[in-house]
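A short write-up of the structure that comes next.
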């Protein structure tokens, strides 16, 4: 105790029970202090870390007891003040706070509130909130039911000890109701800086007054939301907080009258808290960031030779930085003679037996102490061959090399000599004795046979061990394998014959590119062609591309081996082309470029180009132009006519694609449909067949038709289709029989709008509905419809234009329309009636959050059902760039009652305005207040460079130069690697946080294809593409476009 050994006498108050110290009737004056346990045996002594015993419970009723690991603690909770609490009077509808003012206590408390009597506890709901930090009660908006008397109920918990106290009652009176609504005002605020223990739960509190009762939302301003969040309106809890949870957090309170926000930081530290009498006598103290010592490097048990040198090191982290001291057998160790102590380092020179013992390094700062222990054993041993004698019979091959180790156990290290018979051996052109005593004989002949003895000696003694060398005939390859070329699917036998010493067994092994071939795992492709001992022929069946490489036959005995190699080339269809890029996009043509794939040992003869549209998932072969850099060659065109644009698809099957030569890396695809979304892919072929296709290109949309294209119409019917060129204010080429120059072909499945009765609810709204015109007949943007209708019995027709090709209905509004007024169309077989009105209310609390450089998530609170007549069909999200008008907004619609949407196709690092509207069959309602969002910066354009790799057993380690984002690019948070064993296998995606990764590989690995790209908040960057070969280790990658 306090550095003095305790005397454990029979009548002492101190007793030892199985190593535990028991103190009877502890007294503060005698027993306060620091305690350490000392353990000793014949090998040495160690001491435990210090434990402090304090008597700190000096007020109220306290229960003191010992916890594990020598900690002492107490539970303290005084009574509330006996003073009466003032009554509270407030206008009904306003917010109110009751202060708890808990009494002195330790440890922390939990809080509840009583209304009028026990046990009528107030529930914590969206309108009422009890802070577990201060104990205060908050009511966001008072109601008549809140009248009454309030008391704060505080409870202390510590293991099995529980105590509760409650305050005097405070009466709440309400004045006349104030029906006015007012925006939120946050009253319960979390601190500007919250220090948190790593690995523990962090809780933030936020509550606001307001009418209507505000809703609370949480967000992290400088990073993504953690999956460890547990949000329940006024509380935000983070389970097992880590350093990734550090950052600035915002609480937002919102109602229909406005919003209020509060921000604060969470700072994660390692912590250490001292419990002192001074702290116990006051309110709970605030923790300040600190870190007790933690070991980074420690000592371990060591055996060392007498006379040798030894260096031990202990390194610890902490805040403030810990100091390190050393103990030997429980006593302080300082520099002396052969021992140097320098902070965390301990050095011995010329160890002696007396240096053996138990050593401890102790790291400490004001927040704690940690110990590390190890035993040092200094050895002094005479040489001893009992564990490692020289091998008794040593076979060796004629003209070969033999290695004979000499490894006696000795301390200090023994001096070694070798003899052959009575001849002392020394280093020569054929004889080598290494520093560790190993004997190496080279170019062995029959005369080298005999007894070889190793002599070992140190100051403790000497010993020797003998072995007999026997010289055998060398193993030789008599028929070596020959290199060959075959096609995929063919069979081949590689020959390998050998001669050897007849007194020993001969075995054959085969390897492909230095990796052993496992016949049991070859799926029947490999087998031994002969059972004769001297014949090791390898038979290859149904050869595949992966079987190409260098085959090595090894004939081996227990004393030597011989090897010969041959190269096998397997030819097959080409691999997939890479990097398909689309550019020079016009209305009916695009320019494609790609990079060559592997020809698989047979020249590429030609390329094929395929495409698919949104209208079909099937890939179809496309026509290409003979003019690769222009679109005005002698390529045949479909006949010009008013319907030529519509009939383009009918001509495509009649034209055969132009051959694309095998040395080409670009081509022009023609005869495409205007204003259509396409994906393209490229296939290579040679005399052995067509290879695997490339990955699809990025999606593109061809431009609008160059002229004033027509669309088909109904035959003098209800609707005319029209298209307006951008910048034009008139419709072109009306196609009905009355307005067109001639009758267009009839297309009954396109754009015929019929009528439906949607509701008999009285409303001045009229709706028509039909089928949209197919995309491949629109030829451009600005497509729309002309709708004709009239009130039944009237002679006057009403006409209106409906923009957007995807429109399925038209809403006509006229306040003079009576409920259920009959209408008709020119081709209607039955009439229709006026129907519902569009929604009258707008969604609110619209939140837009950027998730990638081109994508965002939008969420909102739904409109009340009472604000929508009929069935709510969904919501329409409109978004437009800052500086543009809302009329130019792009739109996304949801279906049903979902209150969120994912929007894609945005521009990087761009400010957008977003609003949301509800819609039903009658149309869209009013817009919500617009919110703003800025898309993230794009990912870095530069691909990873200087890619290299090394093989180790069953893994390949790949590394590359890190990519650093520029100022206008998003940060790099990691890397994605697409790994494919060969052109025939499915790719595997790997994720790496650093610029290196280890990938498991099969035993028969020969090569692989790899794409590496950066990833981050803005998305994925441009990939670098490399081909990994077993016998190479670096590559200058080429960048490929992101597919």
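Even glycines carry a Cβ here, placed using N, Cα and C.
TrEMBL does not curate its annotations; it predicts them automatically.
Straight from TrEMBL, the features:
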DOMAIN    1-54  domain 'Ig-like'
DOMAIN    78-173  domain 'Ig-like'
DOMAIN    184-267  domain 'Ig-like'
DOMAIN    293-377  domain 'Ig-like'
DOMAIN    383-470  domain 'Ig-like'
DOMAIN    475-569  domain 'Ig-like'
DOMAIN    576-705  domain 'Fibronectin type-III'
REGION    700-719  region 'Disordered'
DOMAIN    842-938  domain 'Fibronectin type-III'
REGION    922-945  region 'Disordered'
DOMAIN    943-1037  domain 'Fibronectin type-III'
Quick one: find which recorded stretch in 1-54, 184-267, 293-377, 383-470, 475-569 has the most Cβ pairs under 8 Å with the domain 'Fibronectin type-III' (842-938).
184-267
Using Cβ distances below 8 Å and needing 3 or more such pairs, separated by at least 6 in sequence, tell me whether the domain 'Ig-like' (1-54) contacts the domain 'Ig-like' (293-377).
yes
So which of 78-173, 184-267, 383-470, 475-569 is most in touch with the domain 'Fibronectin type-III' (943-1037), counting Cβ pairs under 8 Å?
475-569
Is the number of Cβ-Cβ pairs under 8 Å between the domain 'Ig-like' (184-267) and the domain 'Ig-like' (78-173) three or more, considering only pairs separated by 6 or more positions?
yes
Limited to the domain 'Ig-like' (78-173), I'd like the whole-number average of pLDDT.
89
Counts of helix, strand and coil residues, the domain 'Ig-like' (1-54), according to DSSP:
4 helix, 22 strand, 28 coil
